[in-house]
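Colleague: According to TrEMBL, the record shows the following:
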- His117: active site, pros-phosphohistidine intermediate (ACT_SITE)
- Lys11, Phe59, Arg87, Thr93, Arg104, Asn114: ATP binding site (BINDING)
- 3-140: domain 'Nucleoside diphosphate kinase-like' (DOMAIN)
Amino acid sequence: MSSERTFIAVKPDGVQRGLVGEIIARFERKGFKLVALKMLQPSTEQAQGHYTDLSSKPFFNALVEYFSSGPIVGMVWEGKNVVKSGRMLLGATNPADSLPGTIRGDYAVDVGRNVCHGSDAVESAKREIAFWFKPEELVSWTSHSANQIYE
Ligand code: DAT
Ligand code: MG
């Protein structure tokens, strides 16, 4: 099984609204494997670094202020096509377009309060994982369920 990793974060609104467990549960139930997890309070500089690709957008300053407004829970999830599937679990960026059944579709209303982050490509996932985690914080382990999840 070629395994891929993605960076998923519960944003400050998701933490404040008590959605950490709900978001973790959806990735667990799907069959993905958690390989790193931490709670932290992002600094302004960390928020800017995380969203560096969006620095020219008109909403960048508000985004950085929001992302650094309270603790986040950052995670690395591993599995087949986990980057794309993770984005499907999150739902469309704007919750007005996110389907019911997705995290944003079920729990968010405004694009600037969409409760979760997920890497949008394998390359950006690599960058974001390295940005938030030290290599030794990523745990290699074998799930007992691997043979039930993968053929
Ligand atoms: P995503 O989080 O789905 O990867 P993105 O990378 O394009 O979306 O943007 C990062 C975040 O910025 C997004 O989760 C919410 C905010 N954002 C995006 N587009 C926005 C807009 N048009 N107005 C306000 N905030 C926006
Ligand atoms: Mg993005």
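Note that Cβ sites are derived from N, Cα and C of the backbone, with glycine treated the same way.
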Colleague: Please report how many Å separate the Cα atom of Thr93 (ATP binding site) from that of His117 (active site, pros-phosphohistidine intermediate), as a whole number.
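Modeller: Thr93 (ATP binding site) and His117 (active site, pros-phosphohistidine intermediate) have their Cα atoms 9 Å apart.
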Colleague: For the ATP site made of Lys11, Phe59, Arg87, Thr93, Arg104, Asn114, how many Å separate the two farthest Cα atoms?
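Modeller: Those residues reach a largest Cα separation of 21 Å.
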Colleague: Considering the binding-site residues Thr93, Asn114, which residue's Cβ sits among the greatest number of other Cβ atoms within 10 Å?
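Modeller: Counting every other Cβ within 10 Å of each candidate, the maximum falls on Asn114.
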Colleague: Can you tell me the CA-to-CA distance separating Lys11 (ATP binding site) and His117 (active site, pros-phosphohistidine intermediate), as a whole number of Å?
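Modeller: Between the Cα atoms of Lys11 (ATP binding site) and His117 (active site, pros-phosphohistidine intermediate), the distance comes to 7 Å.
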Colleague: Can you check which residues sit near Arg104 (ATP binding site), meaning Cβ under 8 Å from its Cβ, same chain, 6 or more apart in sequence, and list them in order?
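Modeller: Spatial neighbours, sequence-distant, of Arg104 (ATP binding site): Leu90, Gly91, Ala92, Thr93, Pro95, Ser98, Asn114, Val115, Cys116.
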Colleague: Specify the secondary structure state of His117 (active site, pros-phosphohistidine intermediate) as given by DSSP, simplified to three classes.
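Modeller: Reduced to three states, the DSSP call for His117 (active site, pros-phosphohistidine intermediate) is strand.
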Colleague: If you count Cβ atoms within 10 Å of each one, which of the recorded positions Lys11, Phe59, Arg87, His117 comes out on top?
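Modeller: For the recorded positions Lys11, Phe59, Arg87, His117, the Cβ with the most other Cβ atoms within 10 Å is Lys11.
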